[in-house]
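**Q** As annotated by Swiss-Prot, compositional bias 'Polar residues' applies to 265-274. Residues or ranges marked as SUMO2 cross-link in Swiss-Prot (evidence: similarity to another entry): Lys40, Lys203, Lys228, Lys254, Lys282, Lys443. The domain 'SCAN box' annotation in Swiss-Prot covers 64-146, and the record cites sequence analysis as its basis. The feature domain 'KRAB' is assigned by Swiss-Prot to 155-230, with sequence analysis given as support. The phosphoserine feature in Swiss-Prot is assigned to Ser12. What Swiss-Prot lists as region 'Disordered' is 182-202, 231-284. The zinc finger feature in Swiss-Prot is assigned to 358-380, 386-408, 414-436, 442-463, 469-491, 497-519, 525-547.
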Amino acid sequence: MNSSLTVQRRGSDAELGPWVMAARSKDAALSQRDGVLPVKVEEDSPGSWEPSYPAAWPDPETSRLHFRQLRYQEVAGPEEALSRLRELCRRWLRPELLSKEQILELLVLEQFLTILPEELQAWVREHCPESGEEAVAVVRALQRALDGTSPQGMVTFEDMAVSLTWEEWERLDPARRDFCRESAQKDSGSTVPPSLESRVENKELIPMQQILEEVEPQGQLQEAFQGKHPLFSKCGSTHEDRVEKQSGNPLPLKLENSAEAEGLNSISDVNKNGSIEGEDSKNNELQNSARCSNLVLCQHIPKAERPTDGEEHGNKCKQSFHMVAWHVLKPHKSDSGDSFHHSSFFETQRQLHEERPYKCGNCGKSFKQRSDLFRHQRIHTGEKPYGCQECGKSFSQSAALTKHQRTHTGEKPYTCLKCGERFRQNSHLNRHQSTHSRDKHFKCEECGETCRISNLFRHQRLHKGERPYKCEECKKSFKQRSDLFKHHRIHTGEKPYGCSVCGKRFNQSATLIKHQRIHTGEKPYKCLECGERFRQSTHLIRHQRIHQNKMLSVGRGAHACNPSPLGGQGRRII
């Protein structure tokens, strides 16, 4: 059996998917820049493992979720469970494609996202970071946004699709910066005049007129209006419907606010706040730190060549052009016409618009993955496969069991950085941290209670008596939309929550939980006076009144009559 150094492509680019293609192209380009040819040591053995049907494999993130969410109850036995885990892990980490360092980076990145606070996890995962450095940069950008720091002086580049200060950009390896620009230009198939590129690098001011003069002699202006030039990207959004493609505050070198085409002749028409200035300020040059992307340039196109005609052109232009810095390209396009800086954003857009084939037969809710449907159906069936070994309490989700077990172990993994107090759950830490940051909360003028802005409006309805959600059947009104949905089940007779033991069905999940205690014998409510336990809180309250009445009767007997030294008359002690 001979060993040889081979450079082999396993499958076509379409089979590998955008995630693996991006990782391979970046690593290969950087290696070639350093004069190193990436090779892979393989054995020329007919029995060497090859991936089966790679074209049918899901993307690595989906495989990771399947690997982490696989449950023993879903397989026939321990052998199948181990085999499934090995196959899912191979589909996730793809050892035949990625190096050991890349696999380690994936594992470290996953653990980093896992230990993030819950409020940060969702935001960071939405940006699909492909390395630990990208994840750190996204977290830092979010922290700056939450702290209210100004985004001025920031620059965005395609390789990371996150915001960096000019100082951080300048500290990057020059080879990495050059690679980012060269890769962006290769992806777009166009180049930018060196004179303009150098001026952007030096943070100089460039009027729109000079940009047009530099681009037009090269025959690229028409390409720009067709969306082929890296200076521009074309989208199908309207001026009113335009939404930001990246979360957080708008970044400089990008006009995040779409401007009306009418009366807009140069970039200088947009001030630092992203708004359009008057005619007198047309000659003012835009600071690089201003918010300068998504600037509608339709005004520069001759009317005969404009893609739409009539009055709707200024309000609903289907081919509006948006100004973008040339090292911040948007090469990935979705079916809706929107362009994205990074393949991960394009993948997120694709997932948002793809169909949800797995539908719940009880409530009609749809899901993209079968595993999500299985978890959802436990709400209706009342199934709780995860049991606590200490007290026997069961849960429908493994995460809920993990949180519950901390009550037995005493583990408190969440620490307040300001006072050092520890908590079992992240939500408890968040609630505690609000006591340190009262200035970020809003105070109710009626009762003085402080709460977040999202809860303030809901809280104020308690004082106003406002009930904006009305039932069309019986005209009954409710303060919360969720209460109206629950009430509708009375009229429709819908009972989506069924007991898995006796088959009895209920219209509310809380009622099902109370009913299941009959089968499990669970009595979570304990009287502190006598130690007696109850299944429902209402039973405990009724029982506590017995102790209260006894205390009142004993108090009246001891203090009802007290001999008076004045005349032997009794007096009542109040």
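Our numbering is plain: 1 for the first residue shown, then up by one each step along the chain.
In case you wondered, yes, glycine gets a Cβ from its N, Cα and C as well.
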**Q** Let me know the DSSP-derived helix, strand or coil state of Lys443 (SUMO2 cross-link), please.
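**A** Strand, per DSSP.
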**Q** Can you work out which residues elsewhere in the same chain, 6+ from the ends of the zinc finger (469-491), have a Cβ less than 8 Å from its Cβ atoms?
**A** 458, 461-462, 507-508
**Q** What same-chain residues, at least 6 away in sequence, bring their CB to under 8 Å of the CB of Lys443 (SUMO2 cross-link)?
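**A** Counting only residues 6 or more apart in sequence, the Cβ neighbours of Lys443 (SUMO2 cross-link) under 8 Å are Glu449, Thr450.
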**Q** Between the stretches 386-408, 497-519, 525-547, which wins on the count of C-beta pairs under 8 angstroms to the zinc finger (414-436)?
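**A** Going through each listed stretch, the top one turns out to be 386-408.
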